[in-house]
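To keep things clear, I will list the structure first and then write my remarks on it.
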């Protein structure tokens with residue numbers, strides 16, 4: 001009896017690892033464009049994804065499927081079975097926390113954990129808000145018709161109560177920070193609420209998503225330092241916005257036909273066949289801003305080496321992109337988690353390298369004094 005329970009528990013842990021841990025073949029998908037429009041919030045895989053993507057979807061969904069049945073619609077409403085959106089929301093936070101670390105030190109693990117929890121909750125809240133706004137649209141699109149609200153699994157009132165619960169928990173996380181960060185974090189709520197409306201009135205909803213999804217680039221630094229340093233935080237925030245414009249425009253090309261039919265707008269429709277030049281421009285702006293971040297924060301060689309890898313990643317991503325093949329757009333889109341992790345790794349190693357340089361400088365000074 002105990003043996004079977006232990007085996008079941010081990011299988012459950014393995015399912016969680018498949019769904020959430022980076023570096024494993026089971027990379028989960030689905031971005032949630034902060035709120036998840038029919039072409040956003042819950043970024044679903046294309047109609048015919050490659051086998052790899054399909055395996056990832058099943059492994060992530062297994063975590064939700066193992067939950068009590070009455071709970072499952074709520075977990076799907078917050079896209080807990082599709083954690084790629086949480087990663088893309090979380091990574092700019094890690095960049096900021098890493099940059100704020102003391103020279104020669106690793107990032108604050110407590111803050112990384114706290115922001116990870118907040119990312120899960122706020123991404124879920126954003127998806128809930130989006131589905132409440134978009135339930136009439138979702139019913140008309142095959143890909144989104146099975147969302148919990150559109151499918152009738154959860155009523156609008158139930159989703160509203162659930163949203164209140166998520167925001168309450170997120171507030172609890174926010175209250176663990178300093179007063180400056182509490183005020184700064186509260187300021188993002190308006191963006192979270194209004195983003196889903198942007199695709200109705202503007203061809204630039206991806207820009208609104210970028211402003212929303214990268215708020216953590218400001219908040220992470222202030223949580224460590226007590227306030228924002230504009231010389232570091234603003235270019236970091238700008239680089240994140242450019243990054244979002246890149247990956248979300250690529251994703252939007254999967255849904256451009258549906259968007260036209262149901263009257264929604266996106267940068268994919270705005271750029272059309274000129275998408276690659278636009279993405280190239282965003283990439284140059286992103287790398288330029290990250291370079292400025294490095295200069296203003298005194299970064300070292302590993303950081304700039306990581307930027308070189310990011311540049312190569314973006315070049316390959318854009319050069320090989322086929323905007324008319326949904327499966328290719330999907331593969332390019334999900335590769336951006338790797339890109340974000342490269343930036344974070346470069347920040348951590350660059351910061352650790354500062355200690356080595358400082359030690360060498362101190363030894364040099366000591367030798368001069370002795371001589």
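Keep in mind that glycine also has a Cβ here, set from the backbone N, Cα and C atoms.
The model shown is predicted, which means the values in this text are computed figures rather than measured ones.
Noted in Swiss-Prot for the protein shown:
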- 1-34: transit peptide (TRANSIT)
- 35-83: topological domain 'Mitochondrial matrix' (TOPO_DOM)
- 84-104: transmembrane segment (TRANSMEM)
- 105-108: topological domain 'Mitochondrial intermembrane' (TOPO_DOM)
- 109-129: transmembrane segment (TRANSMEM)
- 130-148: topological domain 'Mitochondrial matrix' (TOPO_DOM)
- 149-169: transmembrane segment (TRANSMEM)
- 173-193: transmembrane segment (TRANSMEM)
- 194-203: topological domain 'Mitochondrial matrix' (TOPO_DOM)
- 204-224: transmembrane segment (TRANSMEM)
- 225-231: topological domain 'Mitochondrial intermembrane' (TOPO_DOM)
- 232-252: transmembrane segment (TRANSMEM)
- 253-277: topological domain 'Mitochondrial matrix' (TOPO_DOM)
- 278-298: transmembrane segment (TRANSMEM)
- 301-321: transmembrane segment (TRANSMEM)
- 322-332: topological domain 'Mitochondrial matrix' (TOPO_DOM)
- 333-353: transmembrane segment (TRANSMEM)
- 354-371: topological domain 'Mitochondrial intermembrane' (TOPO_DOM)
Next item on the list: Rank 173-193, 204-224, 232-252, 278-298 by Cβ pairs under 8 Å to the transmembrane segment (333-353) and hand me the top one.
Entry: 232-252
Next item on the list: Could you pull the average pLDDT for the topological domain 'Mitochondrial matrix' (322-332)?
Entry: 93
Check: Cβ pairs under 8 Å with the transmembrane segment (278-298): which stretch of 84-104, 173-193, 204-224 has the most?
Finding: 84-104
Note to self: Please count the residues of the topological domain 'Mitochondrial matrix' (253-277) that DSSP assigns to helix (H, G, I), strand (E, B) and coil.
What the structure shows: 18 helix, 0 strand, 7 coil
Note to self: Under 8 Å between C-beta atoms and at least six residues away from its ends: which parts of the chain pack against the topological domain 'Mitochondrial matrix' (253-277)?
What the structure shows: 37-39, 46, 137, 140-141, 143, 199-207, 245, 318, 321, 323-324, 326, 329-330
